[in-house]
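**Q** Provided herewith is a single structure, encoded as structure tokens, for subsequent inquiry.
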Amino acid sequence: MSSKNEIWKNEALISALKTIEKNYGKEALVVYNEGDDIDHDVISSGSFLIDQAIGIGGYPKGRVVEIFGPESSGKTTLALHAIAEAQKQGEIAAFIDAEHSLDLNYAKKIGVDINSLLVSQPSYGEEALDILETLVKSNSISLIVVDSVAALVPKTELEGEMSDQSIGLQARMMSKALRKLNGVISKSKTTVIFINQLREKIGIMFGNPETTTGGRALKFFSTLRIEVRKGESLIENGIVVANKVKVKVVKNKVAVPFKQTLITIGYDKGIERINEIIELATLYNILDKSGVWYSYEKEKIGQGKNAVKEWLNKNPDKLSKIEFELKEFIEKS
């Protein structure tokens with residue numbers, strides 16, 4: 001294996017490097033040092049369980065992420081939680097609402113600061129993607145959500161007649177946009193989350209008949225592809241109060257793929273983070289459990305999860321400390 005010292009002894013290579021630097025700048029080609037930080041900067045998903053499934057503690061910065069699934073499965077909720085987490089770190093987030101369906105009241109309830117959220121409601125697909133490109137190139141936005149790919153309708157299709165053929169227009173538009181965007185997204189360290197829907201393939205007799213909209217380009221350029229599916233409903237006093245949601249990482253370029261988890265999304269509350277904290281803190285022995293009794297640092301909390309929830313809500317300093325410990329465990333694992 002060639003060492004770094006041997007690289008600088010190769011005169012032909014040094015000449016090539018100088019030519020590349022002259023034409024394209026110093027950052028066009030680099031050699032990393034032993035002590036350089038190669039860990040991924042991330043934005044938390046807002047769910048400890050999802051952060052753990054992703055494998056690096058959240059959505060990687062400077063990458064494309066696709067969250068897809070059937071309708072009403074929790075896709076937008078996951079994206080809004082990511083926005084809330086970015087804002088907690090003092091970063092700027094944007095929401096490109098191609099569906100024109102963003103519920104600001106719901107976003108506020110799950111922690112989004114709507115007063116500092118940039119929102120665009122474009123009229124057609126090219127406009128949405130141009131806005132996305134401009135925001136990414138500003139190098140000022142940490143997270144951009146596009147909701148959704150299915151709603152990115154090309155201008156030609158919108159202005160044409162209902163009888164006009166428009167096969168492949170959206171796929172070509174997405175392919176061109178992602179080819180242009182991929183490099184600048186990486187350089188700007190912007191995380192771009194595309195929300196996508198599932199469609200039925202026509203005439204499929206064998207295999208999975210479901211596919212995502214927008215062609216194959218998004219599948220190719222995405223670092224993470226996360227599938228979400230609604231599971232059982234949780235009912236209290238005859239009223240549905242929450243849903244179990246299965247989250248599966250079907251593509252992962254930064255950690256081991258195909259990990260999956262089960263989260264709970266409450267109506268008007270979003271991801272039930274406290275339940276996750278109790279589950280994982282018990283798993284990692286941060287919380288001690290003996291039978292039905294829970295304790296923390298030898299302090300008895302009470303019997304059952306409801307007692308722990310109440311205790312955590314009354315002791316925000318202890319909650320913050322447990323969250324910090326959990327993040328350390330997830331990063332190490």
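These residue numbers are counts, starting from 1, taken along the chain as shown.
Here the Cβ of each residue, glycine as well, is placed from N, Cα and C on the backbone.
Quick paste of what Swiss-Prot says about this protein:
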- Gly69, Pro70, Glu71, Ser72, Ser73, Gly74, Lys75, Thr76: ATP binding site (BINDING)
**Q** Show, in sequence order, which residues other than Gly69, Pro70, Glu71, Ser72, Ser73, Gly74, Lys75, Thr76 on the same chain lie with their Cβ within 8 Å of the centre of the Cβ atoms of the ATP site.
**A** Gln197, Val228, Lys230
**Q** Give the sequence-ordered list of residues that share a chain with Pro70 (ATP binding site), lie 6 or more positions from it, and have CB atoms under 8 Å from its CB.
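**A** Sequence-distant Cβ neighbours: Gln197, Leu198, Arg229, Lys230.
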**Q** What count of other C-beta atoms do you get within 10 angstroms of the C-beta of Ser72 (ATP binding site), across all chains shown?
**A** 10
**Q** Taking the Cβ of Ser73 (ATP binding site) as the reference point, list residues of the same chain whose Cβ is under 8 angstroms away and which are at least six residues distant in sequence.
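**A** Once residues fewer than 6 apart are set aside, Ser73 (ATP binding site) is near Val228, Arg229, Lys230, Val245.
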**Q** Within the chain of Gly69 (ATP binding site), which residues six or more apart in sequence place their C-beta under 8 angstroms from its C-beta?
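**A** In sequence order, Lys75, Gln197, Leu198, Glu227, Val228, Arg229, Lys230 meet the Cβ cut-off.
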**Q** Glu71, Gly74, Lys75, Thr76: which of these binding-site residues has the sparsest Cβ neighbourhood within 10 Å?
**A** Glu71
**Q** According to DSSP, folded down to helix, strand and coil, what is Lys75 (ATP binding site)?
**A** helix
